[in-house]
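Swiss-Prot lists 1-11, 169-182 with the feature compositional bias 'Basic residues'. Marked as region 'Disordered' by Swiss-Prot: 1-24, 152-298. Summarising the annotation, Swiss-Prot assigns compositional bias 'Polar residues' to 15-24. Positions annotated as domain 'G-patch' by Swiss-Prot: 25-79. Per Swiss-Prot, compositional bias 'Basic and acidic residues' is recorded for 203-214, 243-256, 269-288.
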Amino acid sequence: MGLAGPRKRTKISHDPNNTAWSRSTSGYGHKIMSAQGWTPGSFLGASNAAHADHFTAGSAGHIRVILKDDNLGLGAKLRAEDEPTGLDAFQGLLGRLNGKSDEELEKELKKRHDRQLANFVEKRWKTMQFVSGGLLVHEKIQALADVKSAGGEEVQTPQISHDELKSEKRPKKARKKEKRRARGDDTGLDLAEQSPKRKRKDRKENKEKKKSSDDSSYANQGTPSEDALVDKIQKKRKKRKQKDPEPSNTEVHDDSLPPDTRSVSQEEQESRYSAKNESIRKIREHRPMGRQFTRGRHIQQKKLALMDSKSISEIFMVKC
């Protein structure tokens with residue numbers, strides 16, 4: 001028994017580089033891809049596609065896998081082990097020996113500095129890298145050419161007056177309104193523009209105008225029977241207006257009445273007003289139905305029991 005650790009017997013496989021699957025032509029993937037027009041060494045996708053110019057030699061190659069040789073997590077990179085230090089100064093020295101100017105050396109140094117900063121940010125905070133999936137539409141930018149005639153004379157553009165430009169800018173509705181006004185059809189306005197209140201007012205006014213025109217036509221006629229009918233209609237309207245006056249919240253005070261009678265009349269009015277309000281409240285009471293009704297009764301009983309001291313003592317079994 002020595003101090004040596006346990007021996008690990010490793011067996012080298014027949015395919016250490018793992019390239020047998022890419023060379024085999026008997027697999028299902030190779031067969032179906034070759035049936036669809038793929039050949040070994042060519043990249044995937046149509047060769048006449050709009051984004052075919054962006055393909056490189058790497059597009060035809062396989063996906064490379066780096067073997068993990070450290071205890072870091074997946075996707076981690078060795079930071080400072082493989083990076084040489086002092087290489088920037090050495091490259092600058094070689095550039096001066098080759099006869100490069102100071103401006104060129106400063107530009108190269110700035111590029112390297114920016115690249116180092118980008119690498120540091122990517123390692124520290126992880127940036128997103130976008131891969132282009134191809135061009136959707138193959139656009140061609142055409143240069144604008146001056147429109148000239150065959151003889152070299154410039155084509156004269158028709159001059160448009162200021163009024164015509166204004167008329168073009170105006171909306172169609174405004175033009176239609178102006179045309180109607182010119183014709184004299186002011187009554188034919190768009191009903192869609194009018195609000196519903198305006199529509200109701202217009203209807204009422206039209207009805208009143210019709211009634212007044214009918215009354216005037218009846219009055220203009222000379223027969224005594226028709227005049228009597230018109231008088232009756234007008235009297236009926238006056239009576240209706242007197243019977244149904246508008247409700248007013250303001251109190252009416254009669255200066256002619258004495259103070260005693262005035263106070264009595266005010267008390268009678270207030271009593272009538274309160275009675276009316278009570279009747280309205282009774283009518284407007286919400287009466288729940290079904291489950292809500294039973295729940296409401298139980299809640300009322302609980303409230304009454306809590307308000308009564310005897311019932312509380314009975315609930316908690318306390319002797320008074």
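In case you wondered, yes, glycine gets a Cβ from its N, Cα and C as well.
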Counts of helix, strand and coil residues, the region 'Disordered' (1-24), according to DSSP: 4 helix, 0 strand, 20 coil
Quick test of the contact rule: Cβ under 8 Å, at least six residues beyond the ends. What residues does that give for the compositional bias 'Basic residues' (1-11)? none
Residues in the domain 'G-patch' (25-79) grouped by DSSP into helix, strand and remaining coil: 14 helix, 0 strand, 41 coil
Mean pLDDT for the domain 'G-patch' (25-79), as a whole number? 79
